[in-house]
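Undergrad: Below is one structure. I have some questions about it.
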Amino acid sequence: MPENDRLRNIRKETLSSAWYTLYRYDFEYRRSDGRWESRQREVYDRGNGAAVLLYDASRRKVLLTRQFRMPTFVNHNPDGLLTEVCAGLLDGADPEAAIRKEILEETGYRVEQLEKILEAYSSPGAVTEILHYYLAAYHPGQKEAEGGGVPEETEDIELLEFGFEEILEKVRNGEIRDAKTLILIQYAALFGPLRPVAREIQ
Ligand SMILES: Nc1nc2c(ncn2[C@@H]2O[C@H](COP(=O)(O)OP(=O)(O)O[C@H]3O[C@H](CO)[C@@H](O)[C@H](O)[C@@H]3O)[C@@H](O)[C@H]2O)c(=O)[nH]1
Ligand SMILES: [Mg+2]
């Protein structure tokens with residue numbers, strides 16, 4: 001484990017490796033006032049992931065997923081169902097290959113161009129994950145399979161299309177409660193395909 005002038009004596013212990021891995025790190029951290037301090041942090045490692053906003057500019061629609069998320073059910077989501085962009089774990093693949101596979105498995109579409117827009121840590125106080133964010137155009141002619149996820153992996157994913165204005169309203173009124181989905185829709189509204197059509201100067 002690399003150390004530096006702020007970080008020394010790093011020790012790592014595995015607390016759980018039942019599905020993904022939870023570690024505890026003990027280390028010394030040099031505070032900004034120069035004092036060395038002992039710290040302990042739990043770090044959950046489930047690998048990195050990729051997420052994509054699928055949009056159809058000619059029909060002004062986005063394609064989202066809805067599925068049961070147990071962690072939300074135990075934290076103030078009464079039926080546990082969450083509306084999200086298509087996303088998945090990399091499972092060792094490169095991000096672009098992983099998201100193409102995920103789009104096909106979850107939505108049944110085979111898209112052409114993927115536009116990488118950013119990378120971000122999902123929950124940096126506790127989780128190692130970096131999420132790779134993409135935009136991709138889709139249209140009905142690209143539908144190759146039913147989608148819905150891989151039943152053997154117990155995925156059971158409903159597909160939902162929303163109009164551009166409808167999804168922006170759902171962001172505004174708080175109905176969208178998944179961070180990666182909010183990031184992608186807001187990015188698309190600021191810089192991408194969901195940008196309001198510029199008004200002509202009179
Ligand atoms: N048995 C079992 N299966 C699990 C467990 N945790 C996840 N799985 C299964 O592992 C698969 C992961 O599916 P993906 O589509 O690859 O990942 P995801 O759960 O959609 O993750 C995406 O969204 C997350 C939440 O926003 C992101 O954190 C992640 O990076 C990715 O973008 C799913 O079939 C899920 O049921 C577990 O503890 N036990
Ligand atoms: Mg997924």
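The backbone N, Cα and C atoms fix where each Cβ goes, glycine too.
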Undergrad: So TrEMBL lists Glu102, Glu106, Glu155 for Mg(2+); which of Ala87, Ala136, Ala137 goes with them?
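TA: The one candidate that TrEMBL places in that Mg(2+) site: Ala87.
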Undergrad: Do you know which of 88-109, 110-131 TrEMBL annotates as motif 'Nudix box'?
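TA: Based on what TrEMBL states, motif 'Nudix box' spans 88-109.
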Undergrad: Over the span of the domain 'Nudix hydrolase' (45-184), how high is the average pLDDT in this prediction?
TA: 97
Undergrad: Reduced to three states, what secondary structure does DSSP give Ala87 (Mg(2+) binding site)?
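TA: Strand, per DSSP.
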